[in-house]
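Only one structure is covered here, and it is reproduced in the block below.
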């Protein structure tokens, strides 16, 4: 594979990201600019940015790879990632905005009036963020290796440094524009090669995998076949993706970049449309990959299917150019998700660890470096597993910890700090332990293995049960001002009650 | 680290808060919200789980071919994306037509009371 086009494509994406980031530098001066882009972003740009940030390496590469390997069952990743947004909108988005808190730790402290709950939440934000960043760097390594033959760490290092530069320079406002641009780049990068691939496929006599020498078509198309305990796995995956989205650190903060609640709803609607359109594309790549590249499933390199298809199917200069376009799109995916996560993890770290020793902006910049370096080191030292599977684990941890905290915190006045901490730690240790077992590849086979690979179906109920049980046992410790907080959470958005006017600058 | 949550609000504002909470319009607002959200949440969960249930207990039905190699399972799967969007659209419509006018009326009352 001629690597010149791909190198140029990656360089252009990286350069544009840094340039737009630097442009944002002149605009963002205050802390509020850094965190929420001064609440001045319109629905269309905000939705594109959310889409750009949300569609990570897992959606761009991993999802198609899983479709290639396991077929129809894996549609649940795409559906779950989309439906998770809907649940976030209906159950928690509006009350959380009204609480005046910027992040989950802010919410935990404000609602439960407890500083320890805040610190446990911060710890979990960092863990989930790192778990999610790690596969982005691994995906970058894989992409650069596929395109140019560079060593596996090089792609990760490139993404880490570009993110570091653009986040440190511009904060949230500039990355809003970067990410909006990256959504459209990702969509185009998948769409154009796909149109040409499908034309080739039709011209080729529309072969099925059976004719093309692949494995059986019917088992692959039938849900719940081909993997052990697939019914359990499917339900668990649904629990993780449906309930985990609301707990992802980079997702919630985006709702604050809308000027009001109505704009936030319009944004969500646009996001669902953008995500729904997007997920059809990697599905099609997975199907075509089954026909033309089924050997990838056997060699365990399914993540590369999107990148390799044009060269295999079309070939020649056209194939190389299309491959370069896909490589560019993949890098857009790594960069946008990583910058969003880096901002969120850095925000949590700088507020709670560094803000007393340094000025706000210095603390944020130091924290950004820390937020990126740790998962980068993890990415080069852990064996590659499918990036979508790896991201699925981050969803499972978020669903087992922050989903109970947010849902109970918003809708049940009986939640106490003791219950919250017990649920966060219990759900976090159960799902986190499963993640470690899966990453270290020590999970046994059979049902126990399936339960460790996809923990959400048992760890989410565990988190809820601990929070409710311990709260009932510590009923005397309900937050003293809980009634006023409940009014604040459930009073219509544009009612001008005193919501506390709480912003990071006032800390 | 101090939170305005625990600060004292000016008394007039605080009393207005409590009155808003007891206002029939506010109760109606919360009722409307839950009569929409609860059935809708149940409906969409049933719809999603139906896919899994059919896959497990009616695999023959799911692998019925519609056109060429496209079977019902695949169509069903893609429909899940469409329904997600439809539900969100319905929610946005509902919030705009049924919730927002009530909330606006509450705000007007509140502004009058606090004398803003």
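Placed from the backbone N, Cα and C atoms, the Cβ positions cover glycine too.
Annotated transmembrane segment per TrEMBL: A:6-25 (among others), in sequence order.
Here TrEMBL flags A:45-68 (among others) as transmembrane segment. Beyond its flanks by at least six residues, the transmembrane segment (A:45-68) meets 74-75, 77-78, 81, 85, 132, 135-136, 138-140, 142-143, 175-184, 186, 190, 250-251, 254, 257-258, 263, 267-268, 270-271, 274-275, 278-279, 282-283, 285-287, 289-290, 293-294, 296-297, 302-307, 329-330, 332-334, 336-337, 339-340, 386-392 of its own chain at Cβ-Cβ distances under 8 Å.
Taken from TrEMBL, the feature transmembrane segment covers A:74-94 (among others).
When Cβ-Cβ distances below 8 Å are used as the criterion, the transmembrane segment (A:115-133) is approached by residues 56, 103-106, 108-109, 247-250, 337-338, 341-342, 344-345, 348-349, 351-352, 371-372, 374-376, 378-379, 390-391, 393-394, 397-398, 401-402, 405, 417, 420-421, 424-425, 428, 432, 435 of the same chain, each at least six residues removed from its ends. The transmembrane segment annotation in TrEMBL covers A:115-133 (among others).
According to TrEMBL, the transmembrane segment annotation covers A:153-171 (among others).
Summarising the annotation, TrEMBL assigns transmembrane segment to A:235-257 (among others).
According to TrEMBL, the transmembrane segment annotation covers A:269-288 (among others). Within its own chain, the transmembrane segment (A:269-288) has Cβ neighbours under 8 Å at 43-44, 47-48, 50-51, 54-55, 59-60, 63-68, 74-75, 78-79, 81-82, 85-86, 183, 186-187, 190-191, 194, 197-198, 201, 305-306, 309, 313, counting only residues six or more beyond its boundaries.
Within the same chain, residues 1, 5-6, 8-10, 12-14, 17, 35, 52-57, 59-61, 102-103, 105, 122, 125-126, 129-130, 132-133, 136-137, 139-140, 143, 146-147, 155, 159-160, 162-164, 166-167, 171-172, 175, 178-179, 182-183, 185-186, 188-190, 192-193, 196, 249-250, 253-254, 306-308, 310-311, 314, 364, 367-368, 370-372 sit at least 6 positions outside the transmembrane segment (A:321-349) and bring their C-beta atoms closer than 8 Å to a C-beta of that stretch. The annotation transmembrane segment is assigned in TrEMBL to A:321-349 (among others).
The transmembrane segment annotation in TrEMBL covers A:361-382 (among others).
Same-chain neighbours of the transmembrane segment (A:388-411): 56-59, 61-63, 65-66, 74, 77, 84, 91-92, 95-96, 104, 107-108, 111-112, 121, 124, 127-128, 131-132, 134-135, 138, 236-237, 239-248, 419-420, 423-424, 427-428, 430-432, 434-435, 438-439, 453-456, 459-460, 462-464, 467-468, 471, 489, counting only residues six or more beyond its ends whose CB sits under 8 Å from a CB of the stretch. According to TrEMBL, the feature transmembrane segment maps to A:388-411 (among others).
Residues 108, 112, 114, 116-117, 120-121, 124, 127, 131, 393, 396-397, 399-402, 404-405, 408-409, 443, 451-453, 455-456, 458-460, 462-464, 466-474, 477 of the same chain sit 6 or more residues outside the transmembrane segment (A:418-436) yet have a Cβ under 8 Å from a Cβ within it. Summarising the annotation, TrEMBL assigns transmembrane segment to A:418-436 (among others).
Residues or ranges marked as transmembrane segment in TrEMBL: A:456-474 (among others).
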